[in-house]
Amino acid sequence: MEKFLLVLEVITTCCAVTQSMTGQERSEEKSECVSLSPMMEAVPAPPESERVCVFGTGDLGRSLGLRLLQAGYGVVFGSRRPHSSSSLLPHGAQVLGHAAAAQSAHLIFIAVQREHYDFLVPLANQLKGKVLVDLSNNLKKNQYPEANAEYLQSLVPGAEVVKGFNTLSAWSLQNGPSDANRQVYICGESVEAKQAVIAVAIKLGFSALDRGFLSVARELEDFPLQLFPQWRLPLRIAIGLSAAFFFYLLIRDIIYAYVTQSKDISFRIMVSLANKVCPIVSLIMLSLCYLPGVLASFLQLYRGTKYRRFPDWLDRWMLCRKQLGLLALGFAFLHVLYTLIIPIRYYVWFKATERTVSMIRENRTTQFDMTTAWRGDSYLSLGILGFGLYVLLGITSLPSVSNALSWREFSFIQSKLGHLTLLLCTAHTYLYGWNRFLSSSTYKWYTPPGYMLCLVLPSVVLLLKLLRHTHRHTQNNTLSVMTDLSLRGWLPFNHCLPCFWDQKPTITFN
């Protein structure tokens, strides 16, 4: 019994010593590091290859740290005040001073503005050989003489600076790549450093694109400052056409009636005038989608080769055809909506009732006109078919749909069905006008109606396309006939070769 009590006393003494030593170690660790794991439990430190450091505890730094934690990385935040900022950071991360945090990981994200880079200068020794990822952006273009990443490299010459992740916002990082842009642009001098950053981006669910050396950093920093760069020219064209035809039709329809007949029909501006402007702009912009391709093919025929660069204005025009088409689809959709509400308008209901009452009072009737019936049904049918193909073109222009199509399928839809859409919409407009161009009352103040003006450009595009197709068909037939004559010995074989086969292909656009 005495031996048992002696052993129990020894065990109790050892436990007390162990607890006192553990408390001292924990107090020392707490003075150097703040753990953000739930219930303040000790978290085993991941290996350095799987641990990353984030300098900056703002919205972007916290969102990036959270995504890194969710991807399985160990995250260490570097802060000037580790204890005061620990409550705002995600659980599972550690907060250290800048010097200690820099030594804890090889890959360091700099999520602070350029104005606060000065704290990195005293850490030059700790950052030597590290990979620094610059996430900063500027408030305006050319705000500084050099890019932020280049300035960071000059401050810490011993580190490998990589520009990246600057096109992502804190919101996109929190919601994940499924709800945000998946593209991450990377640039830097070191291939190994860029590969390390690309590996992190891929593990976070993004697709990384290497843009080259660090001299490209200014271009990457300008990306977030751009506002619809590919939509500027199409939007200007759409706004210009809409304003021009709105005022043109306002003068012809509203002001003309007030001046010549003293009628106030200004209420028609809201629906009737808008329903004329939308289809006019839509048809013109759809024509502008296919006119540059026709012009490019004729230019190649004139030059005799397809290996010369197009003029800058034509190249820029061709690059914005997708945006032109989508805007044209939007105007066509507005035209459909305006047309659907015509029967419920008070003006239409009032005119129909007034006409019916007038016919009853005068005891007169109208006979059924077969020509008008055919014209009306054909007009509506062509409009429905044209709008259906319009929607198909818009759907296939979406990246998720176009990526599932082969080039031949995509070209068939956008080229062949696109020209068919233009043909149907043009025929729809011709049937709308019918024979009214023969009436002098159509030309108010000696000006043609708006639909007549909008038919000029699509008619020219379709005519040029027909001429191009006829020329190619004639050229192929001539080539086959001359080749056959040469093979039969009726013409020297080399008589036809210099004319056709020695030339490079000239057709690239359908």
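Keep in mind that glycine also has a Cβ here, set from the backbone N, Cα and C atoms.
Please treat TrEMBL annotations as automatic predictions, because they have not gone through curation.
TrEMBL annotations:
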- 51-137: domain 'Pyrroline-5-carboxylate reductase catalytic N-terminal' (DOMAIN)
- 280-424: domain 'Ferric oxidoreductase' (DOMAIN)
- 1-16: signal peptide (SIGNAL)
- 237-259: transmembrane segment (TRANSMEM)
- 279-302: transmembrane segment (TRANSMEM)
- 323-348: transmembrane segment (TRANSMEM)
- 379-405: transmembrane segment (TRANSMEM)
- 446-467: transmembrane segment (TRANSMEM)
Per DSSP, the domain 'Pyrroline-5-carboxylate reductase catalytic N-terminal' (51-137) contains 36 helix, 21 strand, 30 coil
Sequence-distant residues near the transmembrane segment (237-259) by C-beta distance (under 8 Å, 6 or more away from its ends) are 265-266, 268-269, 272-273, 276-277, 280-281, 284-285, 288, 324, 327, 331, 444-445, 447, 449-450, 453-454
Within the same chain, the residues 6 or more beyond the ends of the transmembrane segment (323-348) and with Cβ under 8 Å of it are 230-231, 233-235, 237-238, 267-268, 271, 274-275, 278-279, 281-283, 285-286, 288-289, 387, 390-391, 393-394, 397, 418, 425
Residue counts for the domain 'Ferric oxidoreductase' (280-424) under DSSP, helix then strand then coil, are 121 helix, 0 strand, 24 coil
